[in-house]
Amino acid sequence: MVKIADIELGAFPLLLAPMEDVSDPPFRALCKAQGCDMMYTEFISVEGLIRDADKSVQKLDIYDYERPIGIQIFGANLDSMVQAADIVTEARPEVLDINFGCPVKKVVCKGAGAGILQDIPKMVELTKAIVDRTDLPVTVKTRLGWDDNTKYIEEVAERLQDVGIKALSIHGRTRKQMYKGEADWTLIGKIKDNPRIQIPIFGNGDIDSPEKAAAYRDRYGVDGIMIGRAAIGYPWIFREIKHYFATGQLLDPPTTAERVAAAREHLDRSIAWKGETLGILEMRRHYTNYFRGLPHIKQYRKVLVSEFDTEKLYATLEEIGEIYSEASV
Ligand SMILES: Cc1cc2nc3c(=O)[nH]c(=O)nc-3n(C[C@H](O)[C@H](O)[C@H](O)COP(=O)(O)O)c2cc1C
């Protein structure tokens, strides 16, 4: 049984990665329904949180059916981090997660996200301050290092464990790599071989099929796997991996009817949570994956990613369901 503090996550948990503008409540509901064991919010700026910025505060919204869930924050200033920890603590997620991995410039240049990988003592100091401040279990998500010459993750894992974090998720790339090349889990495996490490170590990076999940689980000995991009528009990845782990068999992919139903539910939830305009806009990034592989889908996708009329969107989804019903595909 894998546990973060006393939160039980099953024998080999699959986690949904925090993803900005993706891992929101509408999307999380779909992933949860497909067997995801633990989820995180998209990252929330501590500066936004302590200034009560609407966009940041809304990201604290969590629902009972999502539990266990972690709220993820990012920042670089110790006072702000600690104040934000108080706000997160009040929201009562199961876990407070700190982002030390985001590679994007606007975050890194302020010393937040992966920026902190250039200053490990500060990373440890910030983490300790948050652990000391909150009664929630604190977890960290990070990368291997800043660049090829500074892959300090083995040392980082020990030091963060020593200041009290309860789990560590590692994306097998450096900041410099951004998303290029292939994620390398070798060092993640080495951390699992370190007898001093007692906390769960979750591997992250490029898992996009049941076979790869099984291979990486066996090769690197991680306690669970965190999945990001492969879940976008394809929440079925969780049930497919679970089924494969349980039976050694590959599940059939979702039917067109299931894809349409999922896209519809996602759109419903998106509009309900964000309002019509934003709900419709933010849903656009998901359609390509929901309908990937359907022949001649382009004309329908065009409508889905440009239309603002809700009725027309639903009608288009219905049409996709009819045109691509199993008999005709
Ligand atoms: C659109 C997008 C947004 C992301 N936002 C976050 C974020 O808010 N917090 C975070 O820790 N990582 C974020 N990430 C990184 C992912 O959590 C994950 O580490 C990365 O995508 C590698 O995993 P994957 O290969 O399974 O996608 C984001 C990634 C993507 C693609």
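Each Cβ is built from the backbone N, Cα and C atoms, and glycine gets one as well.
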Of the candidates H171, H266, which does TrEMBL annotate as part of the FMN site that also includes Q72, K141, G228, R229? H171
Fill in the CA-CA distance, G228 (FMN binding site) to C102 (active site, proton donor), as an integer in Å. 13
Check each residue in the chain of R229 (FMN binding site) that is at least six apart in sequence and keep those whose C-beta is under 8 Å from its C-beta; list them in sequence order. M19, D208
In Å, how long is the longest CA to CA span across Q72, K141, H171, G228, R229, which the record gives as the FMN binders? 17
Around the C-beta of Q72 (FMN binding site), how many further C-beta atoms are within 10 angstroms, looking at every protein chain? 26
